[in-house]
Amino acid sequence: MHAAPSFLFSYGAYVDSSQYAECPPGLGGPGCLEGTCESPFVAPASRGLKAENATLCNSCDAGFGGINCNVCQGVDSCDARQKISGHGISGIVSGEDRGILGPTYDHSLTCHHQPNAVTSTYMECDVVHPTVNSVFPGRIALTLTKTGMVENNFTASGLASWEAKANTTLTSFWIDGQEQFYCQASDCSSSNTTTSIEEKARFGTENWSCSNLQCFCIPTSSFCSNPNLPLKPVIDGLSGKLDLPCDYVDPTDPGARTSCAFKGGQLTQFLGASGLPLKNCQSGACISRGDLRTFWAHDMAHKLTDGGYDLSPGVIAGLAILGLAVAGLAMLVLLGLIAQRRAAAQPRAPKGSAVGLSWENLHYRINLKHTPLAHASGKKGNSTEDGHELFDLRGKATSWHPSETINIVEPPSARGEILRGISSCVAPGCLKFVMGASGAGKSTLVDILGGRDMQGKVEGTVFFIGKENEISSEVRRRIAFVDQEDAMAIPGYMTVRETLMFAAELSNPENVSRSEKAAIVDDVIHMLGLDAVANRRVGDLRRRGISGGERRRTSLGVAMVSRPKVLIADECTSGLDAYSAYRVITALRHLASGPETGTTVLVTIHQPSSELFYMADSVLVMDHGRTLYDGSPANALAFCESVGEPVTLGHNVADKLLIYAFKQHIGEAAKPPSFRESFVELGIQPSLVKVGRSGNSASTTAMTQTVTLLRRYLKMTRREYSGPLAHVGGAVILGLITGGSFYQVSLSIGGFQNRVGAIFFLYILLMTMCISALTGLNKLRFLMMRERATGMYSPGCWVAAHLIYDLVFLRIVPATLMTVIVYWMAGMHNTITNFLQFLLVTIVFTVVMSLYDMCLAALFEDMSSAIIVAGLYVIFNIGLAGFVLNLKKMPGALRWLKWIVPSKYALEAVAVNEVRGLQIIDNLGGVKVVTDASMVANTVFSFDFGAYYRNLIILGCGFTVAYSLVLFAAVQWRMKEKR
């Protein structure tokens, strides 16, 4: 015995197979189980019953039809029936005629044949579901009574009164004119949707959405009384939400039919996301023209167009965030262009005189078990007696006076001290050699002076020396450093001229024109003797290019094109023949042209010839981190004599200095004159300004850096095309193999398995191909770290350029090609909308997985570790995607894992996109089975069929943003040079 829910009609609960409390229009007889005739103008209780075995009532009033004669047919059928009945108000009536103050009102009736409910709309549809039709032969139909506004004045319209409830729905299911079960729902509302029932729908679609659905199966009906097919518990158990979408009909065709669907809530579990398809639907409601105009005016003023069933407020918010992100990127580009133009319009700073470099009491110690990092900052320090600021390399104020010395007592166990209180200077515009045997500390010294990040503890002070008003942040940026391994970092696919031009574009300010930069490059090429190989590729281990000496000179040219104030070169002549070494030192000597316009040059050198030795203005000889000699080459001969190492005729004094360094394990250094006294002799008034790290900031704007890097990436693509070609060719080949393996899958159960398998296999291939993003970034790691250390560009700009190149050429293009091939060869949903939605998710997923692999490449220097982690993550994604494992059946303690894998969101989205609206047609035991594929997918894979946009936003705004931030942070902190 079923009790009537309070929200339903008073007649609406089938009580004990005897009768309703009161039958609605179109139903009558015991229990309201029979259809009635006439029309809604006749009181429900007075209407004649349809013949017992008749499919349709054969005594409908003129202008009305259907199983129970509720649906009006023809525009004038309602007005004609009203006049025949003699009830109601007809025509246009003024307020005065009605005895009230107000406008005129049109009471003439019309038959409203659109599916939306104004007052009470009656509908009748054919149920077309092959499985249901094969099990229950005969005509299966559904009648609906949709009530919007309640008709309070039945007298005006002439319609028979009944207990109508606002915003409710009554549905009856018929087989050959016999009612089988009925459903009721309340809290109904109407909205427009962009998702049509039929692809050819031209006039839009209305969705009638209700809550509190409840269905009742009539025990005596054939549908509910079959012992071999117990459907009564299923029908009685239906509850929850109800959706009744219907396509609008042509308003100029009163006899037009449309298509609808009966779906939502628990119906999805049995019928799939598409619900019960309703075809050949006709609608009809007798409404006054005045009520209809009021309804349309209210609808135009207040009804908003919904974006589809899946567009929840959260999804709309996510799409808004995505739009804001795109707008933000566009704004960044615009601001970058504005900053670029402003920088180019800035006036040029005066060239100024040369600046020198001085260092005092430099100590550097490393812990053999742990090497803490030393960083330089810009904190203000104490003042000397002559008013100059003193800073140590960590930026902390120091109380050391330039004339003070620090005595360090080294315990025997302390073996990590590399520099031991070394002090010296390079006069502005001069050339200084730093000599010493291997392990003397030469490279460590120049690393510190060049502002490199050091792993150990640095103590001491380093200063610029020159005119105080000429030493600015621009000078600090213009410290060029040439490492002894820089020659190996030059990209082999670029020519010598292109390499130097790349450096010139990034190391010179924006207000230096491109033609001026080209002229600088030409001068450097000529100065270094590289004219003959200027347009030859540098080459690498795979493809021979220029010689080793030419490569070393090219690396020196990279520093020279920046027109530095101070140039520091480490072992720039090592491994060179005598001529190449001569050309390098000659070029440096040319740069160090004096205190007015010259560049201050500091060079570490192993064993210079006599000719090269005397090219220097001063020489510093080191041993085990201390000074053995610091003076001019001309005084070196006398120094050697004084320490018992006389230079015989024909011998190189540089060799004698090195021999002396070998003999002196630790000795008292020949104390050089004070650097202040040296400058007085040169006639230069010193101004001491703390030196920061040379790579703190770039000389150009972020836009210039990104665009220049992108140009180099494009050049790499054209000349080293094997990588991009392998990605594109591999995608095409794998796509053809996959598409051929799953060629034109059928709509059977086995075909559904292959359809899902094709999607799963495609995404496994994409995840595997994305691992190359790891090796691609790792391949460029060394080059990026070296160029970043010289201040060519910021890590953020490098990441931006790398992402644009890698994601577009190596990810999106191959993923698109593979998707196009597999999608159409496998015979998936053949609409352009479904394909584009499938492709969009695929591209976003590919980007997410590529970003993850790039994060690994940035975090792990060891490629083997990164590849292992990447492979494990692929397996993790395969297992938790929802295809191998039913995620709802996972143990509760592990179920949360599904939310952190992108494959779950991507595969659910594309599967929902593919199987929605897809019918599985098969034959089981001689019975034709047709069911919605979404029902099978929901049962087997636990997919949420309202999750497409949600999952797309999670992938695009969640995973993409998160992995991008991790990548930027990893590059910032992990991909930088440590000495």
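Positions of Cβ are set from backbone N, Cα and C atoms, glycine also.
These come from TrEMBL:
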- 403-649: domain 'ABC transporter' (DOMAIN)
- 315-338: transmembrane segment (TRANSMEM)
- 721-744: transmembrane segment (TRANSMEM)
- 756-777: transmembrane segment (TRANSMEM)
- 798-826: transmembrane segment (TRANSMEM)
- 838-860: transmembrane segment (TRANSMEM)
- 867-887: transmembrane segment (TRANSMEM)
- 948-971: transmembrane segment (TRANSMEM)
On the domain 'ABC transporter' (403-649), the mean of the pLDDT values is 84
Under 8 Å Cβ-Cβ from the transmembrane segment (756-777), and at least six residues away from its ends along the same chain, one finds 723, 727, 730-731, 734, 738-739, 741-742, 745, 802, 806, 810-811, 814-815, 818-819, 822, 826, 828, 842, 845-846, 849-854, 856-858, 863, 866-867, 870-871, 874, 877-878, 881, 883, 903, 906-907, 910-911, 914, 937, 941
Long-range CB partners for the transmembrane segment (867-887) (under 8 A, at least six residues beyond its ends), listed in sequence order, are 756, 760, 763-764, 767-768, 771, 774, 849, 852-853, 856, 860, 895, 897-898, 901-904, 907-908, 940-943
Given the transmembrane segment (798-826), its same-chain partners at Cβ distance under 8 Å and 6+ residues beyond its ends are 705-706, 709-710, 713-714, 717, 723-724, 727-728, 730-732, 734-736, 738-740, 742-745, 754-755, 758, 762, 765-766, 769-770, 772-773, 776-777, 780, 784, 788, 835, 838-839, 842-843, 846-847, 850-851, 854, 964, 967-968, 971
